[in-house]
Structure formats: C-alpha cells, structure tokens
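Marked as substrate binding site by Swiss-Prot on the basis of sequence analysis: 22, 23, 24, 37, 60, 61, 62, 63, 119, 156. Summarising the annotation, Swiss-Prot assigns ATP binding site to 206, 302, 333, 359, 360, 361, 362 and lists sequence analysis as the type of evidence.
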C-alpha cells in the first residue's frame, strides 16, 4: 500500500488530488455535534495543500436515497473543515456536475474544495458494478491522483471507495495508514493479556467479531444492551431489557467455546434498571434502581452496568497489555446511565496497556463524557470498519489501495 509520504516525495504541485474522506458527522438541526471525523482527515488535507496540490475532498453523510436531500448536505462539514484549516474552502453544490467541475477548475495550487454528498448519486452505493463504475468514471474526471483517507467507509464496496482507486494512481492517507497499523497490533503479535470490552445495543452486530476473538483474546467483558442476551442465555430473567431471542443459541455456543478455549468471558453482576427508557432530550432524572444481574424485575429493563460490575470490569482491565473497546456499557447519553461507560473509559486511561477505542458510539462517548482523547492509545474513526477488520474480513477500500 503506497502512502501519502511517497506521493509527497514524488511531488503534487498543481495536481488535482481527490481525497476520499469520512466527513459523516452527526448533525442536530444542521449543526455538527461531534467534529472528530473532520479533525481526523486534517493532517492529510493540510499536507497536500501545503505541497501545492489542488485538493478535492469528497465524502458521504448519512443515508440519503441516491438523490439530493438538503438534510444530508455536506455544507456544514465543508464550513467546519475551512474553520479548522484556517483557510476558505470552496463548496460545490453537486458531486460530478457543472458545480463540481467549476469548483475544481477554480482551484489554485494549495486550495481546497469539497464536493457535495457522494450518496446524492445512486451510483455511489449501487450493487450494480457497471452503474458504480460509471459514477467512478465521472469522479475520476475531477482528479489526477486518488488518496483514500475515509477509514470509516473502507468496509463499503462503494464507487468512491472501491472503484475509483482503480482509475487513478492511488495512495493511503495518514489516517488510513495509522488505522491499519493500529489494527495490526490487535491481530498480529498481540501483547498479552489482551482484553476486549464490547458493548452497544445489538449482540447480532458483534457476533462475528466475538467469534474471531474467542481464538485471540484472553478476556472478554460484555456490557450494553447486548449483555441481556448473554444473561438470558445463562438462564437469568431479564425483564423488558433489550433481548435478541434468536441469538441465544449462538451466544450459548460462544459461552461454551470461551470456557473450552480458556477465554475468560465476564458478564455484568449487577445492573441499573427502570420501568422506562430515559428522556434523552430533557435529561429528566430517571431514578434507576440497582439490582443483581439475576434479579431483574419482570417490568423493568437494564440500562447500564451497576456499581459492582464497574469495579469488576476496572479490575479485569487493570493488568491488560492490550485493550480494544467497542460499544458503550449503557445509555451513556443520559447522566443517570453514563457511569458504566465512564468507568470503562477511565480504566483504559488508568491502564499501562496499548488502548484502542473502536470508533462509533464509544469514540463519541469518550468525547461527550469529557475525556482527554490523547489519554488513549488510539481512537478509531471507523466502528464498523474496525470490527470487520478484526473479524478477518477483506475490506474493499483497503484492498483497492493495495494494488
């Protein structure tokens, strides 16, 4: 995989460089609530601009239906990129139409343009190779060189991620190069004990990675909504907690395999419960009760790990040499259910281990709960991508940069 350093050594002065970034930031009423993904691509964009490239930044945002939708415009992301760069950024109101061509043609060396949301064109996400290829051809007309730096999208077989690199000289940006190096530390010659903390709502999202980790990790800590399927598989009643009944047989099989492989699988011993889901808008007090994990009342749902589990998980992380954490331990967006996630994050900060926070909600939680991001070994920008890498899958966007 050729990297941006090799590209810069070859020289980019006056060249049009297409940077596939991941600017898929969360928006509330048109305002960005977490700009982590924009910050993550800054080193690549800055280095190219400073070397005299005409930088064309492209990304998706949300899931528009293959047609323009103002709710998913990249304009707020383009404006924020300009603020962070401290330089004006041109914005094109289409992806491959006249506006995009005008914006790119108007660039002077060292300047940056952002084109509109790639998913406003059905060709970006099409399952049809020819349709995707046709869109990739139109994107290729905007540039001389391709730099892949949208790690959050490398697991998608989309035109700008998979098909476009084949049409231009292609390189990995700083972010992708860093992410791949970090993930290698979690898959090759891992320093032990290797402890993995998994949370989040759905156990089905994490089954494939648990399957792989049962052969690699020394210890698995389970929290979040997915924990209740494990507790149910253990024979406990879970009240009205989030439950994926259809996954119980698989979870049972994994629990047996963990025992056989000598992998320590740690489940919550107590949980915070309530009769209703908290109000995340008003953050009104939820007044949860703490109960033992095997004593959840029939009319209540578990919404965070309890104080004894927090202590237990912190102790299980304390002696680790390598930690991967993906998914919150509870409904961290509400102060009454944030302590579990906070405790795991704090245990990572206190640890001497190489710590990796696996993107998505966990990365957002670290920022929202006020942790210093530099206190972690690495905060990934790709939740789904990092999980699929750890599952041992070939990621289309990385494969496209290899050849």
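Glycine is treated like the rest: Cβ placed from N, Cα and C.
Note on proximity: of the binding-site residues 302, 333, 361, the one nearest residue 62 (substrate binding site) is 361, by Cα distance. Most Cβ neighbours within 10 Å, among the binding-site residues 22, 333, 361: 22 holds that distinction in the structure as shown.
Each of the binding-site residues 62, 302, 359, 360 was scored by how many other Cβ atoms lie within 10 Å of its Cβ, and the smallest score goes to 62.
Counting neighbouring Cβ atoms within 10 Å of each of the binding-site residues (24, 362), the lowest count belongs to 24. The binding-site residues in question are 60, 119, 206, and the one with the fewest Cβ neighbours inside 10 Å is 206.
Rounded to a whole number, the C-alpha distance linking residue 24 (substrate binding site) with residue 333 (ATP binding site) is 20 angstrom. Of the recorded residues, residue 206 (ATP binding site) and residue 22 (substrate binding site) place their C-alpha atoms 22 Å from one another.
For the pair residue 119 (substrate binding site) and residue 360 (ATP binding site), the Cα-Cα distance reads 20 Å.
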